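What follows is a short report on a single structure.
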There are 4 protein chains.
Amino acid sequence: MCIWFIHKSFNNLKLLPFPIFTASRLPLAASYTDSSDDETSPRDKQQKNSKGNGDFCIKNIKQADFGRREVEIAEQEMPALMALRKRAQGEKPLAGAKIVGCTHITAQTAVLMETLAALGAQCRWAACNIYSTQNEVAAALAENSYSVFAWKGESEDDFWWCIDRCVNVEGWQPNMILDDGGDLTHWIYKKYPNMFKKIKGIVEESVTGVHRLYQLSKAGKLCVPAMNVNDSVTKQKFDNLYCCRESILDGLKRTTDVMFGGKQVVVCGYGEVGKGCCAALKAMGSIVYVTEIDPICALQACMDGFRLVKLNEVIRQADIVITCTGNKNVVTREHLDRMKNGCIVCNMGHSNTEIDVASLRTPELTWERVRSQVDHVIWPDGKRIVLLAEGRLLNLSCSTVPTFVLSITATTQALAMIELYNAPEGRYKQDVYLLPKKMDEYVASLHLPTFDAHLTELSDEQAKYLGLNKNGPFKPNYYR
Amino acid sequence: MCIWFIHKSFNNLKLLPFPIFTASRLPLAASYTDSSDDETSPRDKQQKNSKGNGDFCIKNIKQADFGRREVEIAEQEMPALMALRKRAQGEKPLAGAKIVGCTHITAQTAVLMETLAALGAQCRWAACNIYSTQNEVAAALAENSYSVFAWKGESEDDFWWCIDRCVNVEGWQPNMILDDGGDLTHWIYKKYPNMFKKIKGIVEESVTGVHRLYQLSKAGKLCVPAMNVNDSVTKQKFDNLYCCRESILDGLKRTTDVMFGGKQVVVCGYGEVGKGCCAALKAMGSIVYVTEIDPICALQACMDGFRLVKLNEVIRQADIVITCTGNKNVVTREHLDRMKNGCIVCNMGHSNTEIDVASLRTPELTWERVRSQVDHVIWPDGKRIVLLAEGRLLNLSCSTVPTFVLSITATTQALAMIELYNAPEGRYKQDVYLLPKKMDEYVASLHLPTFDAHLTELSDEQAKYLGLNKNGPFKPNYYR
Amino acid sequence: MCIWFIHKSFNNLKLLPFPIFTASRLPLAASYTDSSDDETSPRDKQQKNSKGNGDFCIKNIKQADFGRREVEIAEQEMPALMALRKRAQGEKPLAGAKIVGCTHITAQTAVLMETLAALGAQCRWAACNIYSTQNEVAAALAENSYSVFAWKGESEDDFWWCIDRCVNVEGWQPNMILDDGGDLTHWIYKKYPNMFKKIKGIVEESVTGVHRLYQLSKAGKLCVPAMNVNDSVTKQKFDNLYCCRESILDGLKRTTDVMFGGKQVVVCGYGEVGKGCCAALKAMGSIVYVTEIDPICALQACMDGFRLVKLNEVIRQADIVITCTGNKNVVTREHLDRMKNGCIVCNMGHSNTEIDVASLRTPELTWERVRSQVDHVIWPDGKRIVLLAEGRLLNLSCSTVPTFVLSITATTQALAMIELYNAPEGRYKQDVYLLPKKMDEYVASLHLPTFDAHLTELSDEQAKYLGLNKNGPFKPNYYR
Amino acid sequence: MCIWFIHKSFNNLKLLPFPIFTASRLPLAASYTDSSDDETSPRDKQQKNSKGNGDFCIKNIKQADFGRREVEIAEQEMPALMALRKRAQGEKPLAGAKIVGCTHITAQTAVLMETLAALGAQCRWAACNIYSTQNEVAAALAENSYSVFAWKGESEDDFWWCIDRCVNVEGWQPNMILDDGGDLTHWIYKKYPNMFKKIKGIVEESVTGVHRLYQLSKAGKLCVPAMNVNDSVTKQKFDNLYCCRESILDGLKRTTDVMFGGKQVVVCGYGEVGKGCCAALKAMGSIVYVTEIDPICALQACMDGFRLVKLNEVIRQADIVITCTGNKNVVTREHLDRMKNGCIVCNMGHSNTEIDVASLRTPELTWERVRSQVDHVIWPDGKRIVLLAEGRLLNLSCSTVPTFVLSITATTQALAMIELYNAPEGRYKQDVYLLPKKMDEYVASLHLPTFDAHLTELSDEQAKYLGLNKNGPFKPNYYR
């Protein structure tokens with residue numbers, strides 16, 4: 001592990017001023033404020049910030065002040081990254097790092113980027129999603145001379161153009177990749193394979209991106225070490241379990257105002273996301289049924305008090321159907337045909353194929369957009385199914401992601417960067433790695449002050465008894 | 001009890017098509033859609049519906065179609081009222097009733113008004129709140145020739161003008177009052193006391209209105225029977241406990257996107273509303289403290305697993321403070337001064353005086369409106385308090401009320417109307433009454449089909465053993 | 001209300017030493033320790049305590065020391081009664097009272113009796129149940145010269161003989177009755193009706209006893225005021241809801257060691273007891289179904305997340321069936337015939353007729369006693385039903401009642417005694433009364449120190465705003 | 001993986017007759033029934049079963065019938081093992097296996113042993129604990145000619161003597177070890193190291209035993225493959241989380257009758273055991289504080305709604321303190337000195353050193369045994385601490401382990417045996433292994449029928465999309 005982590009104690013962090021919440025503004029909300037923007041493509045505009053720097057491409061540099069305020073508020077909620085910045089005043093573990101990144105561009109990402117810079121790195125950035133960019137934040141970054149190429153509402157062509165502008169630069173070559181979804185990595189593989197000679201590692205955040213990396217690795221084509229941030233304990237447990245426990249309620253309420261009490265809900269999949277959804281809905285008085293393919297998760301569902309069923313058995317009585325599987329065609333047209341009038345259908349899993357939405361685009365069914373992100377699909381006999389976000393992720397489309405969760409992820413990304421960049425030759429091969437346990441624990445410890453939580457420290461005698469280092473790691477790597 | 005209830009069985013109701021949810025659109029949401037409206041006062045406009053009828057005063061009759069669709073969707077979610085309409089095809093228990101009403105004017109109210117009409121009544125209606133009118137719904141009612149006098153954004157003068165237009169009509173005199181807040185009743189007492197000679201009864205929905213009625217009764221000035229709908233079991237338990245259990249989460253999320261897990265929350269008051277808030281927040285992983293004045297509720301809080309404290313003891317560590325007391329100045333400036341940076345303060349009780357918001361309007365404090373319904377109040381040292389809805393009701397201002405709950409209330413109001421209107425001479429004196437238990441039970445039974453819930457019926461032998469009528473009431477009046 | 005309550009503040013109670021738990025020893029447990037006792041009937045023995053007093057009839061005076069220790073431990077857990085004793089050092093609100101009592105005779109009852117004595121009363125006592133007497137406690141009371149007539153394992157003849165010995169005394173006539181079940185009251189009505197001339201009131205604890213009193217009252221035969229302690233808020237909520245929430249788990253575990261996770265459970269009845277059982281089992285991971293006759297309770301079950309069914313619909317899949325209705329023949333032979341192998345059947349309601357146990361005593365079924373309180377009833381095809389406590393109350397037969405709950409009940413009984421005994425002529429007629437709200441609140445307040453719970457006090461301004469006395473009562477009588 | 005698992009589908013298991021519960025009788029309960037036994041050491045008795053076989057040493061062969069009935073009842077609750085027996089009618093995957101075992105000897109173990117025999121193995125067995133043997137079960141096994149050497153209440157010398165009798169046999173040499181605690185393995189290492197030449201593998205169940213194996217492995221001294229059953233997913237999640245969720249309540253109730261509602265509880269350690277304890281106590285209305293050394297578990301505690309504290313911060317207010325750490329001296333004499341009167345202290349972790357009980361054996365403190373497994377430790381000022389099971393495991397000493405959990409463990413042990421015994425040369429080296437994921441899943445699937453739970457099967461298209469085999473494994477090995 002990077003020397004940088006070794007001699008520090010977890011507990012004597014100064015608590016930053018307590019977070020004022022900030023919205024992680026999402027497409028839906030932002031659309032109201034952007035309505036008056038002009039329609040010229042950013043690619044067609046001459047762009048310069050107030051210092052005369054023009055190495056970026058964004059919607060509107062004039063929004064920089066507004067964006068800066070968003071970033072400042074986000075900083076208050078991301079004490080772990082701010083603590084890293086503070087430590088970086090002494091040493092710069094990323095000095096010399098040239099990071100190319102491709103993630104959602106939000107206030108929280110801006111805090112991450114500016115932290116990476118404070119740690120010594122140079123950054124160039126594109127968006128990993130054509131809708132998710134907060135234009136005002138991109139403006140704030142551009143104003144601070146970060147090379148950002150992103151705006152809300154890119155075309156697919158824009159999307160790849162932006163990525164290309166990040167990597168295809170004269171006189172600058174990345175040596176680290178921070179990716180979310182694997183598109184950036186894919187682009188470099190396809191267009192600039194030689195670049196990998198200088199790249200020390202990839203940090204990947206998403207399920208999809210990680211999956212691609214494992215496939216590359218299996219095929220023997222992965223030519224640099226990669227860090228799988230997605231499967232880190234903190235990410236899995238916090239991003240999925242705890243975050244979804246809240247966002248399932250939030251997403252359903254904001255879109256449908258449904259009352260949860262007494263509703264019959266089917267949750268497909270009892271992984272971390274499913275566990276979070278089930279716990280929340282049960283607590284709100286819903287009657288929850290679970291479907292599973294994995295007998296271990298199935299048995300957990302039983303012990304947690306949920307009837308384990310096949311979807312067909314309960315489809316007629318369901319008021320709400322939620323997919324959390326990562327699988328495809330979990331809810332089929334046949335299921336949709338059998339649902340009762342008013343049934344709400346939505347997806348909390350990781351792709352947009354869990355509900356076979358395509359099967360609903362047939363002439364005999366009428367679609368009626370009743371609100372943003374809410375469609376009524378109407379059968380010939382008048383039956384209406386309430387489809388949310390057209391089957392895309394409810395938690396991304398219709399609710400906000402708490403900054404606290406984003407803070408955990410961003411801190412993990414920053415530490416993974418530092419670890420890969422500073423790892424001695426040979427520690428990491430051309431393979432996909434999980435974050436070392438100790439760093440997972442470090443991320444967690446950086447977030448405890450938020451809760452005024454006080455860790456107990458092992459005495460020497462106890463550490464010896466347990467055969468542990470007093471500073472951790474406290475659990476074997478396989479522990480979850 | 002009115003004969004109308006006696007010979008019917010609760011269980012053989014046909015289930016109406018299952019409810020498609022509808023939003024109970026509230027000021028916040030509606031404001032986006034109304035922005036393009038013109039600024040002429042409705043009082044200054046010539047108004048006529050398509051049938052040439054002009055006995056109403058609303059914002060814009062052209063919105064009638066849109067409003068009608070909202071009403072139709074609401075109908076699907078209010079099966080109990082629709083069941084009453086169906087029964088009214090045979091008999092008209094409100095034939096001859098002339099009802100003057102003063103309530104929030106929403107799609108759900110429209111379903112109630114049109115049900116009262118279907119039961120035989122004539123109705124004239126004003127709004128009980130200057131902001132809460134859904135203009136498009138008012139238009140739909142006016143288009144159907146209901147005499148509605150209400151629009152969103154009335155001045156106080158408009159407010160009383162509208163009420164007066166409802167009651168002060170040539171050739172029409174009300175014989176029933178349906179009030180929410182007591183303003184209509186108060187107006188008639190003040191301006192047209194003689195009207196009470198023909199009035200058979202008042203049905204009052206709100207805490208405030210009921211309180212006024214009890215004061216009148218105590219003072220010997222109540223000159224007609226009044227039905228206290230607010231304290232009916234279904235209203236108390238469902239509107240307060242179950243509804244607030246959901247709306248506290250919804251209101252906080254929509255305004256602040258706060259993550260609940262690990263947050264320290266103080267809930268002031270452990271009545272039904274407080275119980276609902278506490279249960280929801282505990283379930284979402286918050287650490288909840290309770291304050292109470294009543295030792296019985298206090299002991300319940302203990303047994304439910306909450307630390308019972310005085311506000312002062314925990315004010316410094318609170319992340320969120322929620323008032324649910326019905327009291328005033330529960331959160332004082334002194335408390336606010338001691339809160340930590342970022343503390344969220346909001347009110348779920350019934351008045352807007354629970355938080356001493358007035359004390360925050362002093363020169364040394366800066367107010368910053370960060371979103372609709374969200375203010376940052378900033379202390380000279382930079383500390384920010386997040387004040388929601390300026391201390392008004394969070395659940396009314398920042399979340400929606402589930403139609404299911406409104407359906408229970410509206411059905412109760414309709415039954416109370418029927419009971420008072422049909423009660424034989426002498427059953428009700430000039431006093432305030434609670435709804436007879438059997439009618440409370442009837443309201444509940446009308447809502448069971450929504451949950452596909454199957455009541456068990458007593459056998460003759462069991463009924464005899466218990467000394468109960470097989471059709472209820474099943475509990476003494478004091479049972480809750 | 002009795003003047004005794006008026007001028008005292010609830011909050012400045014000194015906290016007694018924190019309770020060391022004590023078992024409320026019940027038949028099951030006690031049977032092990034009593035096995036060596038001799039078999040002579042107590043009625044045939046000469047009995048005298050160490051002071052030469054012989055006005056009692058118990059099992060064995062030699063157990064007095066052991067019983068005294070049980071009483072002393074119970075005292076530590078009943079701080080409210082001890083607080084009353086302390087106050088009684090100044091005044092004796094029961095001076096002159098001659099109380100005849102008929103209750104379970106346990107350590108907790110002993111604390112109550114000795115408190116009544118400290119308050120000035122003379123007491124004579126019999127047992128209300130032939131099995132529930134703790135012999136060693138009866139001995140401790142007898143040793144302290146209380147006239148106790150009770151032992152574990154009385155015959156029915158013994159039972160009435162003991163009651164008669166309490167009331168039929170030369171030169172002593174009761175003026176107050178404290179009854180649990182109504183047998184004592186019934187005996188006096190039948191045998192010594194003239195006694196009622198001197199009796200100031202009856203305090204009744206049980207559902208059955210209260211029911212009998214209301215019948216007497218209806219029939220115009222109740223000749224003294226009676227206080228219905230059973231329906232006091234604290235009793236209902238704490239004894240039923242909170243106590244049963246724990247005892248259902250305890251009773252099932254001690255008898256069957258069943259694992260709750262994943263089990264399908266049917267709870268018949270969703271009153272306070274049913275609510276407690278359902279909440280506990282849901283929390284332990286059981287899947288719970290509810291049956292109800294009352295639509296209000298039914299709707300509550302729905303909103304709390306339970307499927308509302310008829311017993312027939314789920315009887316085949318149930319792992320556990322629990323009755324909490326107060327009704328009879330809720331589980332019939334037909335249901336029992338349809339249950340699956342291994343189904344556990346038990347009763348938490350108030351009578352032993354909820355399960356039709358009589359119907360199981362037929363030749364084709366084999367009964368096998370597998371443990372104390374546990375029978376296997378075996379069908380011809382080998383199917384076994386696990387019947388607990390032969391259908392009697394599980395929580396009384398197979399688990400212990402927490403002293404905390406008994407403390408609430410005993411304190412309520414003591415206050416009801418004081419109130420009735422001191423009430424000015426005319427306050428109470430020959431009717432059945434609920435405890436005044438203020439006294440209910442007083443009982444609750446006496447128990448708050450146990451939880452280190454801090455009540456908030458109203459300011460003068462707030463009390464005025466709410467129209468309340470600062471010392472309560474804080475809620476209308478109908479509030480629950 | 002052993003071929004035996006490959007071609008079978010999980011779902012078409014025939015459901016055995018539903019389990020009649022059975023007690024896993026533990027020392028406490030059993031002590032009542034054994035009191036009349038004679039005092040001669042079993043080692044000094046001549047022993048023979050009805051077939052004349054005498055190769056065993058137990059308490060009393062006459063108890064065999066009673067024990068057999070216990071075993072038969074246990075069989076009904078262990079459908080997974082019974083399903084294995086059924087499959088074994090065709091093939092005998094353990095044919096030729098000579099298993100020496102050292103575990104608790106209970107009805108459930110008997111079902112395991114007889115299953116191993118049905119699968120083809122010969123077995124010799126000793127007890128892993130000097131108190132935990134059910135004598136009647138040992139008798140039943142001996143009667144069936146199993147070579148069992150165990151009785152309740154062995155001396156330490158007896159303990160090792162029994163183990164030695166299992167392995168030191170003329171003409172018989174074990175080739176498989178099934179150990180619980182590592183004592184058997186240790187004995188063979190020490191006394192008969194040559195035996196390992198023929199041994200194909202060790203299956204170890206306990207934390208301690210596994211720890212010893214890892215130490216051997218690290219030291220290069222492990223000379224056969226070993227299967228770590230303790231860390232299998234099913235064991236960890238079910239035995240620890242779900243089982244402790246129930247047994248913490250059961251253990252506390254049976255020993256102290258404490259009411260959980262409103263109690264302040266400190267749980268030391270938030271691993272699976274701690275999580276189970278916290279969830280249960282929170283659900284019962286306790287106020288729970290958590291201590292942790294691991295920041296990840298600490299953050300989970302926060303998100304689950306528990307205050308994370310150091311023990312010192314809350315020790316004065318605690319009503320109950322529970323250790324679940326696996327560490328030593330977590331509760332020190334200093335903590336015990338500061339606890340309040342009546343505080344209950346107990347241990348749910350895996351050793352008996354978590355509470356420093358030794359520090360309480362000093363002259364100034366008085367110990368008073370108030371019940372079996374319950375001591376009052378009394379300070380000079382009269383303060384009493386309630387110490388349970390003298391700091392040994394509460395769940396083993398004072399509650400029963402549900403058969404369902406034992407069934408999961410026993411099935412896992414059986415499958416691990418089969419896997420190790422049949423593994424082709426080279427699959428397992430001289431190292432410690434976790435059970436292959438697929439077998440964990442198989443164990444789980446064998447237990448689903450108990451809950452009438454229906455697994456969903458992947459379609460070919462879905463399996464391909466996910467890159468999974470339709471029969472599993474469904475998750476990577478690191479997934480928990």
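Cβ coordinates are placed from backbone N, Cα and C, and glycine is handled just like the others.
What TrEMBL records for the substrate site is D:THR106, D:GLU205, D:LYS235, D:ASP239, and among D:ASP180, D:ASP183, D:ASP250, D:ASP257 the residue it adds there is D:ASP180. Together with D:GLY271, D:GLU272, D:VAL273, D:GLY274, D:LYS275, D:GLY276, D:GLU292, the NAD(+) site in TrEMBL holds one more listed residue from D:ASN168, D:ASN175, D:ASN194, D:ASN395, which is D:ASN395. Residues D:GLY271, D:GLU272, D:VAL273, D:GLY274, D:LYS275, D:GLY276, D:GLU292, D:ASN395 are recorded as binding NAD(+); their most distant pair of Cα atoms lies 21 Å apart. Same-chain residues at least 6 positions away in sequence with a Cβ under 8 Å from that of D:GLU292 (NAD(+) binding site) are, in sequence order, D:GLY269, D:TYR270, D:ALA298, D:ALA301, D:LEU308. Each residue contributes its Cα atom, and for D:LYS275 (NAD(+) binding site) and D:ASP239 (substrate binding site) those atoms are 12 Å apart. Cα separation, D:LYS235 (substrate binding site) to D:GLY276 (NAD(+) binding site), rounded: 14 Å. In sequence order, the binding-site residues near chain A (CB to CB under 8 A) are D:GLU292, out of D:THR106, D:GLU205, D:LYS235, D:GLU292. D:ASP180 (substrate binding site) sits 17 Å from D:ASN395 (NAD(+) binding site), taking the Cα positions as reference. Counted over every protein chain shown, other Cβ atoms within 10 Å are most numerous around D:GLU205 among the binding-site residues D:ASP180, D:GLU205, D:ASP239, D:GLU272. Spatially close to D:GLY276 (NAD(+) binding site) yet at least six residues away along the chain are D:ASN240, D:LEU241, D:TYR242, D:CYS243, D:CYS244, D:ARG245, D:ILE248, judged by Cβ distances under 8 angstroms. Taking D:GLY271, D:GLU272, D:VAL273, D:ASN395 as the binding-site residues under consideration, the smallest Cα distance to D:THR106 (substrate binding site) is found for D:ASN395. A C-beta separation below 8 Å, combined with a sequence spacing of at least six in one chain, links D:ASN395 (NAD(+) binding site) to D:CYS243, D:CYS244, D:SER247, D:ILE248, D:GLY251, D:MET348, D:VAL401.
Mean model confidence of the domain 'S-adenosyl-L-homocysteine hydrolase NAD binding' (D:240-401) amounts to 94 (pLDDT, 0 to 100 scale).
A C-beta separation below 8 Å, combined with a sequence spacing of at least six in one chain, links D:GLY271 (NAD(+) binding site) to D:ASN240, D:CYS297, D:CYS324, D:THR325, D:GLY326. Among the binding-site residues D:GLU272, D:VAL273, D:GLY274, the ones whose Cα is located within 10 Å of the Cα of D:ASP239 (substrate binding site) are D:GLU272, D:VAL273.
D:VAL273 (NAD(+) binding site) carries a helical DSSP state (H, G or I). Here substrate is bound by D:THR106, D:ASP180, D:GLU205, D:LYS235, D:ASP239 per the record. The longest Cα to Cα distance in that group is 18 Å.
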